[in-house]
């Protein structure tokens with residue numbers, strides 16, 4: 001059942017500019033942290049801190065992208081035009097997070113990378129999330145939607161698997177359950193739970209619309 005809340009939507013002629021503005025604003029935190037890392041503003045271990053912050057922002061944008069559908073279904077807040085941008089920004093942060101790990105943290109030394117993975121297996125979860133995200137990012141365009149048809153929706157449901165491995169990667173990397181991991185675990189549970197009950201909610205909404213209005 002949807003709540004009686006509706007926000008005015010932006011006229012379509014302004015949407016492209018709004019989407020590009022979202023890309024610029026969304027990538028600003030990464031650029032800011034890069035500047036801080038390069039100028040000594042991230043403290044004692046700037047590489048680790050930079051790597052961690054990129055991962056956090058990847059998780060934030062991933063969650064924001066997955067919130068678009070519940071907001072539309074339950075509150076009539078239609079941000080569907082921005083979902084692709086939110087997903088791609090999340091992908092860019094995951095890619096940057098992984099690149100910083102490989103290049104700055106491990107220095108592209110294969111032995112060091114392999115040893116680190118054996119010592120910290122949760123790194124494999126992060127790598128799995130990136131691998132799954134690659135085809136999702138590559139098919140986040142109208143041509144792929146037309147080409148793949150119904151298979152596109154099936155493919156992009158894998159984003160929920162990315163959410164699971166991303167949250168697990170984050171929680172295991174923290175090595176302790178504090179407020180921040182609890183927040184992302186809770187967000188994951190809510191998003192996955194809504195995905196499970198959504199068919200029932202949408203059926204109820206369709207039945208309500210089909211019901212004759214009493215005069």
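Placed from the backbone N, Cα and C atoms, the Cβ positions cover glycine too.
Taken verbatim from Swiss-Prot:
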- 17-37: transmembrane segment (TRANSMEM)
- 50-70: transmembrane segment (TRANSMEM)
- 85-105: transmembrane segment (TRANSMEM)
- 121-141: transmembrane segment (TRANSMEM)
- 152-172: transmembrane segment (TRANSMEM)
- 177-197: transmembrane segment (TRANSMEM)
Is it the case that the transmembrane segment (177-197) and the transmembrane segment (85-105) have 3 or more CB pairs under 8 Å, with pairs at least 6 apart in sequence?
no
For the transmembrane segment (121-141), distant same-chain residues with Cβ under 8 A (at least six beyond the ends):
55, 84, 87-88, 90-91, 94-95, 97-98, 101, 148, 152, 155-156, 158-159, 161-162, 165-166, 168-169, 172-173
